[in-house]
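In what follows, a single structure is set out as structure tokens and then discussed.
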Amino acid sequence: MRTYRYFLLLFWVGQPYPTFSNPLSKRTSGFPAKRRALELSANSRNELSRSKRSWMWNQFFLLEEYTGSDYQYVGKLHSDQDRGDGSLKYILSGDGAGDLFIINENTGDIQATKRLDREEKPVYILRAQAINRRTGRPVEPESEFIIKIHDINDNEPIFTKDVYTATVPEMADVGTFVVQVTATDADDPTYGNSAKVVYSILQGQPYFSVESETGIIKTALLNMDRENREQYQVVIQAKDMGGQMGGLSGTTTVNITLTDVNDNPPRFPQSTYQFKTPESSPPGTPIGRIKASDADVGENAEIEYSITDGEGHDMFDVITDQETQEGIITVKKLLDFEKKRVYTLKVEASNPHIEPRFLYLGPFKDSATVRIVVDDVDEPPVFSKPAYILQIREDAQINTTIGSVAAQDPDAARNPVKYSVDRHTDMDRIFNIDSGNGSIFTSKLLDRETLLWHNITVIATEINNPKQSSRVPLYIKVLDVNDNAPEFAEFYETFVCEKAKADQLIQTLHAVDKDDPYSGHQFSFSLAPEAASGSNFTIQDNKDNTAGILTRKNGYNRHEMSTYLLPVVISDNDYPVQSSTGTVTVRVCACDHHGNMQSCHAEALIHPTGLSTGALVAILLCIVILLVTVVLFAALRRQRKKEPLIISKEDIRDNIVSYNDEGGGEEDTQAFDIGTLRNPKPWRQQSRRDMVPEALFLPRRTPTARDNTDVRDFISQRLRKMNTDPTAPPYDSLATYAYEGTGSVADSLSSLESVTTDGDQDYGYLSDWGPRFKKLADMYGGMDSDKDS
């Protein structure tokens, strides 16, 4: 039997215009009384203001996820204007109209064609209208209604994360918060219990628990130890329908990690350690490493090491390696195998970060014994002192013993030692040492005034092992002996006025002494015995290492005696007494009435070497003569250099002089024999012959020729002078030129005869020599034309 479902109008809408009513009900004949009751109820609501009712509907309800084979019936639309004759047509529009929802245009029945999901769309809004089939006009105004999708429990709870990660400190109290999980249900929370979620724990008990309503996970077991187990995996279930049977559920995984707390003290894996080190290990040398283990991690596993007890706590130290958390035993002081061979230490390891709530577990530290054995090493000799200071008088003779040094082998073998002086510190070999007993003695004489301190180095070397040696500085002080006489501090030269009075101070004397007596210097001054009697001056000793020169008479005559030389004896008071004689020069000068010097023997003051005026004049005269001689010699040499190269026009050598160029002349080729000029032979006729140069040279840059008029005048002047010179050589000489021959555009040059020997010579061939000899051809061609005329 097909069942029809009628949806009743929830409330009537009263309007001044005709209203709609919806007599929707189940299409089952079993509920006529209920429908009449609803219609009556609707009629009674509008007794006071009765108006025409057109539609009797407002909203419909439809269950989601319908699985039937037929269309799902939604409801029926009906208008009061519908008389059942088929004259009205129902039209549906809005959300899903024609697709999800269809309407029977004759009866107004609405059906859903597809399965609907409330989670996708919970409400559909549609519009209904009834029109006249014949006229096509609406008989009622268009009205809007909704279709609500009723929820069913078709969605399981879903957690916000697939996997949760959380941490909680180990040893935490029961009920300590760990993490909160959250699940959501897409069903309608306002309709039944479809969206009411309850949490429960499926895996992770008895360590953790979860609150059913909030999803908060807490610790459920006391004293969970990270060192025993660090990771926990908890599975939480979320179930809807309030956890009742038939509800849907979802699960999630929570990975919980226990974080470390300092609940474990450090522990040494062994109680005793033993190391060895040579006695030569310098301070800071690592000997060995010890390590205590701590089950904690991070800063809770940090360990500090310290030496708390033992006979070697002042000889060794322990430092902590922050990376490896190891204790490094190091040498603190120099070791000596001969003094102590074994040391015992007590080393403690402790945690710097301690949590007071775990002190009940015991002290967070541990200790171990460290035994250190010192190995013997062959050591160099050791001097009895770090440095030696000796003294010796400067008048000590050679081979005088100054003192001694001592060194011995610190090893048990006590190897013998020999001594030597480092000659780099005693280059002059002033001192020497006995290699057997270390006695220091002199090998040269000493002088305190030359060098007060001598700093040398003594070397002690083991005889059996020369590689083992030690050095010690030796400072030798040379003690003073009075072996130097006092002398004037400076050269004294003073003056006295001609009108000086007796007992007048003219100069104060000072003395110095290279010696350095223990009681200080004490000098005495006096005139030399040979000058003490009849002296014109006296010496006054001031008893403070100074003395004054006083005049002994009234007035002095510089014309009679212009200079006085006073020998002064200076003595010291040391033993043996040393003395010296110094000379003070006193000049007699003319002074004004104030005692200021006006004139003395100026030549003596200016020329202290004693040269007279005559000697100076002679020296100046010699210098003048020497300068004149040099000037004359230079002038003669210059005049010789200016002798002409072309002596006369008749010179049959006929040298060609090239200006503004170098090379190619007789001065360069040395063709001219100067010996023939000095010893001329009788002249004889010589035939002229042309020479072809043997060597070829690269062409040179042709210099700019002088003006033709200047060259012609110069040659003419030289020719006239040579023609009148009786000493001109009447012969030709062979001239070899550096630039001529096959490399030249012109042919070879022959000697040009002078006008006195070959006056009738034809120079026309010069025109055939080319453009380079055009100037020469013009010159000699002009001469021929002058002869003809």
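Positions of Cβ are set from backbone N, Cα and C atoms, glycine also.
Here's what Swiss-Prot has on this protein:
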- 54-159: domain 'Cadherin 1' (DOMAIN)
- 160-268: domain 'Cadherin 2' (DOMAIN)
- N255: N-linked glycosylation site (CARBOHYD)
- 269-383: domain 'Cadherin 3' (DOMAIN)
- 269-279: compositional bias 'Polar residues' (COMPBIAS)
- 384-486: domain 'Cadherin 4' (DOMAIN)
- N399: N-linked glycosylation site (CARBOHYD)
- N437: N-linked glycosylation site (CARBOHYD)
- N455: N-linked glycosylation site (CARBOHYD)
- 487-608: domain 'Cadherin 5' (DOMAIN)
- N536: N-linked glycosylation site (CARBOHYD)
- 637-789: topological domain 'Cytoplasmic' (TOPO_DOM)
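Same-chain residues at least 6 positions away in sequence with a Cβ under 8 Å from that of N455 (N-linked glycosylation site) are, in sequence order, T425, P473, L474, Y475, I476.
Within the same chain, residues 285, 287-288, 290-293, 329, 331, 335-337, 347, 368-377, 379 sit at least 6 positions outside the compositional bias 'Polar residues' (269-279) and bring their C-beta atoms closer than 8 Å to a C-beta of that stretch. For N399 (N-linked glycosylation site), the spatially nearest entry among the glycosylation sites N255, N437, N536 is N437, judged by CA separation. Its Cβ taken as reference, N437 (N-linked glycosylation site) is surrounded by 10 other Cβ atoms within 10 Å in the chains shown.
For the glycosylation sites listed here (N255, N399, N536), the lowest count of other CB atoms within 10 A around the CB belongs to N399. Cα-Cα distance from N255 (N-linked glycosylation site) to N437 (N-linked glycosylation site): 86 Å (rounded to the nearest whole number). Note: the CA-CA distance between N437 (N-linked glycosylation site) and N536 (N-linked glycosylation site) rounds to 66 Å. Over the domain 'Cadherin 4' (384-486), the average per-residue pLDDT in this prediction is 93. Annotation note: N399 (N-linked glycosylation site) sits in a coil segment as assigned by DSSP. N255 (N-linked glycosylation site) falls within a strand segment according to DSSP.
DSSP assigns N536 (N-linked glycosylation site) to coil in the three-state reduction, placing it in neither a helix nor a strand.
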